[in-house]
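> Sharing a structure with you now.
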């Protein structure tokens, strides 16, 4: 057990170091690389590449390299993105975004495969339930990994708060902040002024070093795992058949009805990290506050993910989905009506805090819902989940620089309303097909799938 636990901890802390850098960089893209919408364009390209790689690459790469070296090589793709930010331009950031996107899916698949095989092998030796050991390993992983958003954003805020560009923001400049932002003037306020190059290079240096440490940790300390059984299964199932199974799964009416809800997860995360962070926080307070805002979101999100996973067996998923819809709707309406004012500092944190509560529901309960509804076709179902959430990200980031914030907020709200209607239809179909099913079935664990969609 000690050796297996060591490997689980190596993967967990490797991902923590890697995503400390990535989460911080993702939160800052819309503010740090605002010129011509380069930052959000890079994120759109990134998620488009991730969508493609999810469909084709993981089985091939894992079969060729094995889990350990797939994880190490994929982590290098994330480092490339950090390096691309040192001299951010269309010629550096877009290609490195594609590299990261292509490496993202093999990284997560290799991690899942490694922990699953490790748990299964240990369970066979110890005579224990494989499901229990695997869930225990994933629990350890997410306990460590989910703090990466806090550390990554804390680093960015502490470094960028040293900026000498900070100053009092005039009322005239504040007029261009908020839902009715001035699209034609992306850097008119003191708050959105770019920090000095030396500070940016310091930040990127810390992030790059964090990524390099993650790779070294995996290469030096992670054991290569014997996966003969898993490889035999994969040889029988080519990536083409997996791809076709994903498409065939769309014949299921319930899967089609869940597409808006799944895409909404991408829309709402993109809005908070891309639009709220830039047009509200950076514009009215300064870029150094973005990290603190995202810490509030990530911290509450993690706590509520744990809480909702425990209480869903008592409340049922419908109540949690209703809670998330009400909270998200309230936040979007607030964003539309509220004019950001530095004197109302608490509001800048209350909105992402409540958004974190609702996002915890979207992540945990949607994943669990997929696991329960499509128990016999989980691979194809979760491939669809990754596909449609990524499509939501791509669309949201693609139109980000073309529309004013109030239009984007209305789009997010519209998708939310549509999601709730189609989700209600899914629940109706389920109740109709199995009216005697007790609410206790919702207890089924979303285990390995929770929060995995945060890249």
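Heads up, the Cβ atoms here are built off N, Cα and C, so glycines get one too.
So TrEMBL has the following annotated:
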COMPBIAS  441-455  compositional bias 'Basic and acidic residues'
REGION    434-455  region 'Disordered'
TRANSMEM  39-57  transmembrane segment
TRANSMEM  69-88  transmembrane segment
TRANSMEM  94-117  transmembrane segment
TRANSMEM  137-160  transmembrane segment
TRANSMEM  199-222  transmembrane segment
TRANSMEM  286-308  transmembrane segment
TRANSMEM  320-338  transmembrane segment
TRANSMEM  344-362  transmembrane segment
TRANSMEM  405-426  transmembrane segment
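Map the listed features onto the structure and describe their local environment.
Nonlocal intrachain contacts for the transmembrane segment (39-57), taken as residues 6+ away from its ends with a CB within less than 8 angstroms of a stretch CB, comprise 26, 28-33, 81, 88, 93-94, 96-106, 239, 242-243, 246, 266, 270, 274, 383, 386-387, 390-391, 393-394, 397-398, 400-401, 455.
If you look at the transmembrane segment (69-88), the same-chain residues 6 or more away from its ends with a CB under 8 A from one of its CBs are 11, 14, 18, 21-22, 25, 32-33, 38-39, 46, 61-62, 95-97, 99-100, 102-104, 106-107, 109-111, 114, 201, 204, 207-208, 211-212, 214-215, 218-219, 222, 224.
Below 8 angstroms of C-beta separation, residues 7-8, 11, 15, 22, 41-43, 45-54, 57-59, 61-62, 67-68, 70-71, 73-78, 80-81, 83-85, 134, 137-138, 141, 225-227, 229-230, 386, 448, 452, 455 of the same chain, each at least six residues beyond the ends of the transmembrane segment (94-117), sit close to that stretch.
Sequence-distant contacts of the transmembrane segment (320-338) (same chain, at least 6 residues past either end, Cβ-Cβ under 8 Å): 178-179, 268, 276, 280, 308, 312, 347, 351, 354-355, 357-359, 361-362, 365, 405-406, 409-410, 412-413, 416, 420, 423.
Packing against the transmembrane segment (405-426) from elsewhere in the chain are residues 178-181, 254, 257-261, 263-264, 267-268, 271, 275, 279, 321, 325, 328-329, 332-333, 335-336, 373, 392, 396, 399: each is 6 or more residues past its ends and has a CB under 8 Å from a CB in it.
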> I need to check the long-range neighbours of the transmembrane segment (286-308): which residues 6 or more away from its ends have a CB within less than 8 Å of a CB in the stretch?
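Hits for the transmembrane segment (286-308): 23-24, 27-28, 31-32, 146-147, 149-150, 152-158, 160-161, 163, 166, 190-192, 194-195, 272-273, 276-277, 320, 348-349, 352-353, 355-357, 359-361, 363-365, 450-451.
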